[in-house]
Amino acid sequence: MLSININLIIAFTLALIGVLIYRSHLISTLLCLEGIILSLFILITLLITHFHIFSISITPLILLVFSACEAGVGLALLVKISTTHGNDYVQNLNLLQC
Amino acid sequence: MKVINYLLNTFLLLTIIMITFPLIYNIFMPNKTINFPPLCKTTIKLAFFTSLIPLMLFIYSGQESTITNWQWLPISTFNLSMSFKLDYFSITFIPIALYVTWSILEFSIWYMHTDPNIHRFFKYLIIFLFTMIILVSANNLFQLFIGWEGVGIMSFMLIGWWFGRTDANTAALQAVLYNRIGDIGFMLAMAWMMLNCNSWDIQHIFMTNINTPALLGLILAATGKSAQFGLHPWLPSAMEGPTPVSALLHSSTMVVAGIFLLIRFNPTMQGNQTALTTMLCLGGITTLFTAICAVTQNDIKKIVAFSTSSQLGLMMVALGLNQPYLAFLHICTHAFFKAMLFLCSGSIIHNLNDEQDIRKMGGLLTLLPITSSAIMLGSLALMGTPFLAGFYSKDAIIEAMNTSHVNTWALCITLIATMLTAFYSMRVIHFVLLNEPRFLPIPVMSENNPNLINPIMRLALGSILTGFLLTTSIPPTTTIPMTMPTMLKISAMLVTIMGILISIELFTLTNKMPIMPMIHTHNFSNMLGYFTHIFHRLKPLAGLQTGQHIATMLIDLGWYEKTGPKGQANLHSSLSSTFTSTQKGLIKYYFLSFMISMALTLMVL
C-alpha cells in the first residue's frame, strides 16, 4: 500500500472518531463530518488516477455534490438549534429523554 | 312346463297386489270407513297365508326367481325396469313382515279404538307395509329407493300422528332429517353405480368390482335408516308415535331396512376390508352406547327403543364379520319378540290410563297375567335364552365373533352390551311387574279383549318357534366354525347370567341405599351421552352465530376496526407508545459503543 493511502486512511479514521466523540459543541461533529467527506474524496480520486479507471471519474464529483447538500442541511439544523437555545451545546438536546 | 314353476312368482305377486286392495278400496269408497280396519286386518291375514306358499316352495326346492315386468326408462345404454328379486331374503322376510303386521293391525283395532281417524291410521300402516315390501323385493336400486323413501315418509306421518303435540312434530321432523342424511349416502352409491357399473340392477352390480366410496355410501345410508351411532337420536324420539307404529316401524320393519340393504349388497362387501371394519366398529359402538343409554331410562317405550337400537348394532356387527345370513336370521327373530314387547307395553300403557313411566308401575304380574308373561317371554328371548328365538341368531353371532380374526375391542364391547341387555331387561321386569303397585287404584284393568290377546299370543308363539323353524329348514350358505373352546361357546350365556345376577343384586340394594345427588355416570346414561344436547343445540347455535357474525359484524368490526384503517392506526400508536420508552436519547454513549465495536472488529480482522 502506498504511503499516501495510509495517510488518508489515518485522516479518515481520526475524522470518524471526531464525529463519534464530542464533548460540548455540535459544530465539531459537523466539521469532522466534512473531514470524512474530504478524505474520502481524495482517496477515490487517487484510486482513479493510480489505476487508470477513468470511466468512474464522475464519482468524486457526485460525492462532492452530495456532501455539499448534507453540509447545508447540517448547518440549517445548527442555525435552528442556536436560534432556540442560543448556543450549540449538545446537552440542550434532551427533549426526547425520559 | 310344470305348473309348480309358476307358483312362486304368481303367489308372491298376488301377495303384493292383495296388499294394495285396501288402498284401492279407500280411494274409490272413501266414506265407508266403519269396517275399514277389520277389512285391512283380514286382507293382511290373507296376504300372509298367500305368501306362505312361496316360502314353502323355497324351502322344498330352493327355487329363487327374478321377475322383470316392464321398462321404465330405456336410455340408450342404461335400462331401468321394474323388477322383483325373490331370493332367500325376500321370500323369508315377506311372510314374517306380514305376520307381524297382521298381529299389529289386530292390536291397533283395540289400541286406537277411540280414535276418530282410525281408518286413516290403518291406511297409513298399509301404505307403509306396501313400500316396505317394495323395498325388500326390489331388484334394482331405483325401486329400492322408492321403497326407502316411502317408508321414510310414512314413518314421518305416523310418528306425527298426534300432531297437536309439539314433541311429536319435532320427533317426526328429526326422523326425516336423520334419514335424509343417510339418503345422501344412498344417492352417492347410486350415482357411483350409474357411472361405473352402467346399471342399477343388482345382478350387474355383483359382477363388477365396487370401490370403497360407493360401499361407504351404502353404509352411511344404513347408518341413517337403521339408527347406528352418529345418526341415532331419531329412534328414541320416534316413540312419540302411537305404540302400534313403534311396534311395526321402529322395531321390526323399517329400521331393518338399512341392514337389509347391506345384506343385499354383501357379495360386493366381502372383499373390501375397509367396509367390513367400518361396519364392525360402527355396530360395536352402536350396540354398546345404546345399551348404556337404555340402562337408566324411565320411559318403557324408550327402553324398548334403545333395545332395538342395540340389536341393530348387533346386526351390523354380524355384517362386519362377513356373516350376512346370521344378520338376516337375527332380523327375522328379532321382529317377533321386539314387536311383542312393544305390544305388551302398549297394553300396559292403555291399562294404566296412559302412564309410561316405569317408576309409576308395579305389581302387574298378578293384575295383567297374559301381558306380564309375554313381557317375560320377550325379555328372555331378547337376552338369548337357549332355544327361544333369540338364541339361534344372537348366540350364533357371538360365537362367530369369538372365533373370527377381528378387532378384539369390537368383540369386548359387544359382550359388554350383551350383559347390559340382560341388565335393562331385568330392570324393566323388576319395575313393571314385581313388587307392589306404584300407581293410583283408578284404572280398570282388563285383558278380556281378543283383539289384545290374540296378537300377543301369536307373536309369543313366533318368538318361541321361529328360531328353530328357520334354522332347521334353511341351511346357512356360509358356515361358521362350529368347534371352539368351551369357555367361548358359553361366553354369551355366561355374560347374560352375570348381567341378571348383578341386576338382581342391585335391585335388592336400591331400596336400602341412600340417594346420592350427582352421579356422573348416571347423568351420562340418562341424557343419552349428551349427544342430542351437543348436536341439536350447540352445533346449530355455533353455526348460526357464525353466520350472524359474518353477516353483520364482519365488514364493520373485522375489516374497518381491527384489520383496516382504524386497526392500523391503533396498532401503530400503541406500538410506538410502547417502544418510545426504550429510546433514552443517550447519543454520546451510542456513538462511543459504535466506535469501540468498530475498533474491536478491525483489530480481530
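Positions of Cβ are set from backbone N, Cα and C atoms, glycine also.
All TrEMBL annotations are machine predictions without curation.
Sequence annotations record features per position, and here TrEMBL assigns domain 'NADH-Ubiquinone oxidoreductase (complex I) chain 5 N-terminal' to B:72-122. The feature domain 'NADH:quinone oxidoreductase/Mrp antiporter transmembrane' is assigned by TrEMBL to B:138-421. Sequence annotations record features per position, and here TrEMBL assigns domain 'NADH dehydrogenase subunit 5 C-terminal' to B:424-604. According to TrEMBL, the transmembrane segment annotation covers B:6-25, B:88-109, B:121-138, B:144-164, B:275-296, B:303-321, B:327-352, B:364-388, B:408-434, B:455-474, B:486-509, B:586-604 (among others).
Listed by sequence, the residues of this chain that lie at least six past the ends of the transmembrane segment (B:275-296) yet keep a Cβ under 8 A from its Cβ atoms are 212, 215-216, 219, 223, 227-230, 232, 236, 262, 269, 302-303, 306-307, 309-322, 406-407, 409-410, 413-414, 416-417, 420-421, 423-424, 427, 522, 524-526, 528-529. Taken residue by residue, the domain 'NADH-Ubiquinone oxidoreductase (complex I) chain 5 N-terminal' (B:72-122) breaks down under DSSP into 29 helix, 13 strand, 9 coil.
For the domain 'NADH dehydrogenase subunit 5 C-terminal' (B:424-604), the predicted model reports an average pLDDT of 85.
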